[in-house]
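K.L.:
So TrEMBL says this about it:
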DOMAIN    6-259  domain 'G-protein coupled receptors family 2 profile 2'
TRANSMEM  6-29  transmembrane segment
TRANSMEM  41-59  transmembrane segment
TRANSMEM  71-90  transmembrane segment
TRANSMEM  110-127  transmembrane segment
TRANSMEM  147-171  transmembrane segment
TRANSMEM  204-221  transmembrane segment
TRANSMEM  233-255  transmembrane segment
Amino acid sequence: AHDRILTAVNVGASSLSLAGSSFIVVCYLLFKELRKFSFKLVFYLALSDMLCSFFGIIGDPSKGFFCYAQGYSTHFFCVASFLWTTTIAFTLHRTVVKHKTDVEDLEAMFHLYVWGTSLVMTVMRSFGNDHKFGAWCWTQTGRTGKAVHFVTFYMPLWGAILYNGFTYLQVIRMLNNATRMAVGMSGQTFVSDTRDNMRALNRWGYYPLILIGSWTFGTINRIHDFFEPNHKIFWLTFLDVGTAALMGLFNSIAYGLNSSVRRAICERLDKFPERLNRWLPNLKYKNQQESELVLF
């Protein structure tokens, strides 16, 4: 009964994440004005979350092949997801703090770093794996496999969390200093622009909390399961599975649904009545012609 509940929670939460991340991917593909470098990184993040959620849905311990697919694919794309958040933090830091404008030239390095590291971590995960599955195909049952899983996922994850937190603090501190300087200079326009940036960056400062909220219960559960493998805590596993599977939804809301995306959607909605008004007369005329041909 517990296994069925955990499987249902995993599929339900992964479906929400799949919907949220797919929405961001579709917005990027449809709206040309969003195809800037900064949002391109968000697109890669959403794409990783989308694939991570998709493989989370198809996994089932009763299906051997699909369970392998979920285990390794989920590991690969989840690692890629939190690594893409570090590239976003790095881009902000390099642009705001170091005043560098060469971040677009680093796109190839970002891909090599994210996909290469994800592949290495996923291959390393196979060491010590006894290919036995619990309620969630991504987890491992062997003691060596659990240790390898922790090293290849949770250690890089918390390294990314610490890096993101430290980077965002530096960026926010930099803009705080700029705001104080603007107030001293009494440049009202500059002050207004800087405060707008501060509001955005203060919101970005919560981004590391997404990873913390998504994976804290999973980290605690992995540590507890390593030392007490015969004593499972259902509520902890329930929170582990549910919050981890919702990471894609959290990322899509925080990173993707920004002012640029909302503006692009609103512009399309505003133009929709005009297009509808132009389309309806043409449709009526076409239907009239078809009716005349049928009568003839």
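One is the number of the first residue shown, and numbering goes on along the chain from there.
Just so it is clear, glycine is given a Cβ too, placed from its N, Cα and C backbone atoms.
Automatic prediction, not curation, is the source of TrEMBL annotations.
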K.L.:
As a test: from 6-29, 110-127, 204-221, pick the stretch that has the greatest number of Cβ pairs under 8 Å with the transmembrane segment (147-171).
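P.N.:
Looking at each of 6-29, 110-127, 204-221 in turn, the most contacts to the transmembrane segment (147-171) are made by 204-221.
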K.L.:
Summarise the model's confidence over the domain 'G-protein coupled receptors family 2 profile 2' (6-259) as a mean pLDDT value.
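P.N.:
That stretch averages a pLDDT of 82.
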K.L.:
So, taking each listed stretch (6-29, 71-90, 110-127, 233-255) in turn and counting its Cβ pairs to the transmembrane segment (41-59) that are under 8 angstroms, which one gives the highest count?
P.N.:
6-29
K.L.:
Spell out yes or no: are there three or more C-beta pairs under 8 angstroms between the transmembrane segment (204-221) and the transmembrane segment (71-90), with each pair 6 or more apart in sequence?
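P.N.:
Between the transmembrane segment (71-90) and the transmembrane segment (204-221), which are separate recorded stretches, there is contact, as judged by 3 or more close Cβ pairs.
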